[in-house]
């Protein structure tokens, strides 16, 4: 499905919305006032493929530290503001964007002050609605529901527009997968601002991966979403790895290998798991979009090979390598993976 057409905004040099690629975001978990530690985490995220990073602003020390952090960051830095809008006024002089939580940022007067500061440097604002911290009037009326989240977003969109501000992106996060998806679906036809997708408080790697794959992957398949974060407790690189995989497997990012491998069964006569792990490790940095197949026997190998750029099928002590469905080599098992990797390299080179 085609993506919903959205307004395009810019965070430093990263475009969000419109026809821009869907960007991947994350958040540091160091104390932001620890400049060295925070920059180390940002570097890790950058090398993992993160496009935008967010840093918490808990106090004035955090706010002041962001000046050095932004100067040393290779990717755009978003200040995450809760409760005290004056921190947004401080950081607006040097960060690349600001996220506010309408549930705790305070009065319209406070928001106007933030908007006025952002206008000075053309900084985008993310309206970050969270089902766990909704404005009292919306929670009292609707409870912690999809309706409350959508009404909060619409109210704050209009508020910013009334202040003549339209460099906006929106998020509607919940720890509940279904509520998250329903909120984004409900708001999408009512505004053309870009959406930041995420499931908040998603948990540790296993649970967060499943929740995010369902919610974010499902929304992406419906054409919803312009930027995203996979939230994983205590992880950095893993957030980016999972987000990139969701983008690739939803068809929204044409980059890297799509590795097809069988789940194994009683017909297996080779160490397929070791072979797949080795292929994954050796090809993890490849950017060329390729379909490769690693199969344990010939039952499905021939069929999968027809749809693969490069394929390998193991047998008993031997196997075969295929390119675009055609057998190019039959070799002993000990030589198969090395030849397979060589064929992948050759396929990439053949594309120029």
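Glycine residues also receive a Cβ, built from the backbone N, Cα and C atoms like all the rest.
Quick look at what Swiss-Prot lists:
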- 262, 265, 297, 304: [4Fe-4S] cluster binding site (BINDING)
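The Cβ of residue 262 ([4Fe-4S] cluster binding site) lies under 8 Å from the Cβ of 272, 294, 295, 296, 297, 300, each on the same chain and at least six residues away in sequence. Each of the binding-site residues 265, 297 was scored by how many other Cβ atoms lie within 10 Å of its Cβ, and the smallest score goes to 265.
Those residues of the chain, other than 262, 265, 297, 304, with a C-beta within 8 angstroms of the mean position of the [4Fe-4S] cluster site C-beta atoms are 263, 264, 267, 268, 295, 296, 299, 300, 301.
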